[in-house]
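A short worksheet on the structure shown next.
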């Protein structure tokens, strides 16, 4: 920021050296080129042209201009990124090679509401034309990028899927064997208790034995809850044992579970993006092109 006491210019030229007029709705800035000694007109597009672009046009027109800047009336420098539409709302100073030109933009006539509505309709039409000309190409290009990404992810997942299938088959077989072993042990225990009750001892002797066996089973189930924080429910216990075998086998075969899950998430995200992209895409493309893609 530069204050009034530290002005960046040495001389101040009257405002008639730089004039601004509107032609066909666009501001035309007329100024005297210092080294060429001739007046030059610059037509700017306020909504698109920045202060920096305008100053560059002035310097390209007169190669003798070494420095060109714009300052507000309070002495603060106007950024090059400021749009000319904002600059032309108030008075400002144009400084060229140390010479300051006071500029007072004319007050633009207020357009009627009907004309303003027409201008908004034109802007909306231009926007729709831009979308019609460029959005479809962007969507097709994005679709190709997603298809390439899907092929790459599927290629990386294929060996991992095969290894995972083998590990899951092995873990499922071990879990099934463990369940059958448990059934065999329970059957053996039941048969042993029956044999001891009717052929070796009497029920009076075996009743305390069965009580303590039942109590021991209850203690085992409670210990399972203490260790796992879950009730001993058969499907949950089976899944837990399956995961135990699965992760142990994965570690032995160097199967990276985290990388596999990350690739699966990326694949699902890419497929969802492609599905969302093809919804508006199929509404715009010709039927023949849609059939070729499918």
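The backbone N, Cα and C atoms fix where each Cβ goes, glycine too.
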Listed range which TrEMBL flags as transmembrane segment, given the options 152-170, 209-227, 228-246: 209-227
Which listed span TrEMBL calls transmembrane segment, if the choices are 118-137, 178-197: 178-197
